[in-house]
Amino acid sequence: MSTTDTTDTTPFIKVSVLGAAGGIGQPLSLLLKLNPHINELALYDVVNIPGVAADLNHIDTDVKITCHMKSKSADSNSNESLNESLKNAIENSNFIIIPAGLPRKPGMTRGDLFNINANICKELAEYIALYSPNSIVLIISNPVNSTVAVFKEIFVKFNIFNPKKLFGVTILDHVRSNTFISELIDGTLPNHYNVPVVGGHSGHSIVPLFSQSNCDISNLKILNDENILDSLIHRVQYGGDEIVKAKNGLGSATLSMAYAGNKFFNIILNGYLNIKEIKISSYIYLDDSIPGIIELKNNLKILLNKNNKNIKIPEFLATPMTFDLNGIKNVDYTWVNKMNHKEQEMFFIAADFINQNVEKGINFVHS
Ligand SMILES: NC(=O)C1=CN([C@@H]2O[C@H](COP(=O)(O)OP(=O)(O)OC[C@H]3O[C@@H](n4cnc5c(N)ncnc54)[C@H](O)[C@@H]3O)[C@@H](O)[C@H]2O)C=CC1
Ligand SMILES: O=C([O-])CC(=O)C(=O)O
C-alpha cells in the first residue's frame with residue numbers, strides 16, 4: 001500500500017468497550033474487531049481481559065486491539081488509586097460502549113440491579129468526564145432507564161454534559177419486535193421489518209409502535225385480534241425475561257444484545273462518518289438544544305392535556321433519531337401524533353415508570 005497518499009481524510013476511530021470480558025462484552029468485541037472503519041479497539045474490564053484480548057488479536061483484520069485490566073492497587077481507597085488502565089482505555093476514544101455490570105437472575109427485575117450497577121457506572125462516568133469528555137457514550141448496563149440518568153448527572157457535575165452524545169442502548173427491543181412480528185406472520189425476513197420502539201427499556205416502559213412499522217402491518221388481520229396483539233406486545237416488553245428464564249441462572253441476553261449493540265453502533269458510525277443516514281431509537285435526555293426536541297415535548301404536552309393525564313413529560317425517552325459527527329442530528333417527533341389509542345395508553349403507563357426510574361438515578365448521584 002502507498003504511504004505517500006495524503007488524500008485520505010478518514011478519521012482515526014478508537015472504540016472502547018468497558019466490561020469487555022463479559023457475556024455481552026466478548027461477542028460485541030468480536031463483532032467490532034470485524035469492523036473495517038475501526039482503527040483501535042480498547043478492551044477494559046476488572047477481570048479476564050488479557051485472555052479475551054489475546055484471542056481477538058489472532059483474527060486477521062486491521063483493527064488494533066489494546067488490553068486494559070484494572071490493577072489491584074487501583075482498588076484501594078488511597079489517593080494514589082488512579083485507575084491508569086481505565087484512563088488509558090478511554091483516552092482519545094471516539095466511542096465508548098459500556099456493557100459493564102451485573103446481569104439479572106430469574107426472579108429479579110432490572111431495577112434490582114440498580115445499586116451495584118449504579119456504583120459501577122459512577123466510576124466509569126467520572127473517568128470519562130475527566131479523561132474522555134468528548135467521546136460518544138453508549139450505555140448498555142441495566143437498568144438503562146436509571147443508569148443513563150446517573151451518567152447524565154455525573155457529566156453535569158463535571159460540566160462536560162453534551163446531550164447529543166449520551167445514549168441508552170434500547171435497540172434490542174426493536175430487534176425483538178422485528179423478529180416476533182415476522183414469526184407471527186410467516187417467520188421469514190425478520191430484518192425487513194422496522195418497528196419503531198419508544199419509551200424506556202424495561203417491562204411496561206417499552207412501547208413498540210407496531211402501527212407505525214415500515215411494512216403496513218397495522219392492516220394485518222392477525223393484529224386486529226386484540227389477544228394476539230396483546231401477547232405480541234407483552235412478548236416484546238418482557239423479551240428479556242424469556243432469555244433470563246431460558247438461561248436458568250446463567251445470566252440474560254448476551255448474543256442478541258451483542259448483535260443489537262453492534263447494529264446500533266454501526267448506525268451511529270454511519271452518521272458520524274457521513275456514509276448513510278439511518279433512523280433508530282435510543283434512550284436520551286430530552287434537551288431543548290437537540291433539533292426536534294422542542295417539537296417532541298410540545299406534541300407530548302398536547303397529547304397529555306387532551307387525555308387529561310397529569311403525567312410529567314419524562315426527562316429521558318427512547319425516541320427515533322438520526323446521527324452525524326456530533327452525535328444526534330435530528331430527533332423524530334412525528335410518531336407522537338401517529339400513535340393509535342392503544343399505543344397512547346401504553347405510552348402514558350411508560351412515562352410514569354420512566355419518571356420513577358429517572359428519579360432513582362438522579363437521587364443516587366445527589367445523595
Ligand atoms: N441494554 C440492554 O438492552 C441490555 C442490557 N444488559 C445489561 O448489560 C449488563 C452486562 O450484561 P452481561 O454482559 O450479560 O454481564 P456479565 O456479568 O457477563 O459481564 C459484565 C462484565 O462487566 C464487568 N465489570 C464489572 N464491574 C466492572 C467495572 N467496575 N468496570 C468494568 N467492567 C466491570 C465484569 O467483570 C464482566 O466481565 C448487565 O447489566 C445487563 O443487565 C443485558 C442485555 C440487554
Ligand atoms: O432482561 C435483561 O435483564 C437484559 C435486558 O435488558 C434484555 O434482555 O432486554
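Every residue gets a Cβ built from N, Cα and C, even glycine.
What TrEMBL says about this one:
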type: DOMAIN; residues: 13-168; note: domain 'Lactate/malate dehydrogenase N-terminal'
type: BINDING; residues: G19, A20, A21, G22, G23, I24, G25, D45, N117, I140, S141, N142, M257; note: NAD(+) binding site
type: BINDING; residues: R104, R110, N142, R176; note: substrate binding site
type: DOMAIN; residues: 170-364; note: domain 'Lactate/malate dehydrogenase C-terminal'
type: ACT_SITE; residues: H201; note: active site, proton acceptor
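Here the features listed in TrEMBL are placed on the structure.
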{"residue": "G19", "record": "NAD(+) binding site", "CB count, 10 Å": "25"}
{"residue": "A21", "record": "NAD(+) binding site", "CB count, 10 Å": "22"}
{"residue": "G23", "record": "NAD(+) binding site", "CB count, 10 Å": "19"}
{"residue": "G25", "record": "NAD(+) binding site", "CB count, 10 Å": "27"}
{"residue": "R104", "record": "substrate binding site", "CB count, 10 Å": "21"}
{"residue": "R110", "record": "substrate binding site", "CB count, 10 Å": "25"}
{"residue": "N117", "record": "NAD(+) binding site", "CB count, 10 Å": "22"}
{"residue": "S141", "record": "NAD(+) binding site", "CB count, 10 Å": "28"}
{"residue": "N142", "record": "substrate binding site", "CB count, 10 Å": "26"}
{"residue": "H201", "record": "active site, proton acceptor", "CB count, 10 Å": "28"}
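Less than 6 Å separates the Cβ from ligand 2 in the case of R110, drawn from the binding-site residues A21, G23, G25, R110, N117 in sequence order.
Among the residues G19, A20, A21, G22, G23, I24, G25, D45, N117, I140, S141, N142, M257 said to bind NAD(+), no two Cα atoms are farther apart than 18 Å. Secondary structure at N117 (NAD(+) binding site), as computed by DSSP, is helix. Taking a Cβ cut-off of under 6 Å from any atom of ligand 1, the binding-site residues A21, R176, M257 reduce to A21, M257.
M257 (NAD(+) binding site) has a Cβ environment of 23 other Cβ atoms inside 10 Å. Taking the Cβ of R176 (substrate binding site) as centre and 10 Å as the limit, one finds 26 other Cβ atoms among all the protein chains shown. N117 (NAD(+) binding site) sits 24 Å from R176 (substrate binding site), taking the CA atoms of both as reference points.
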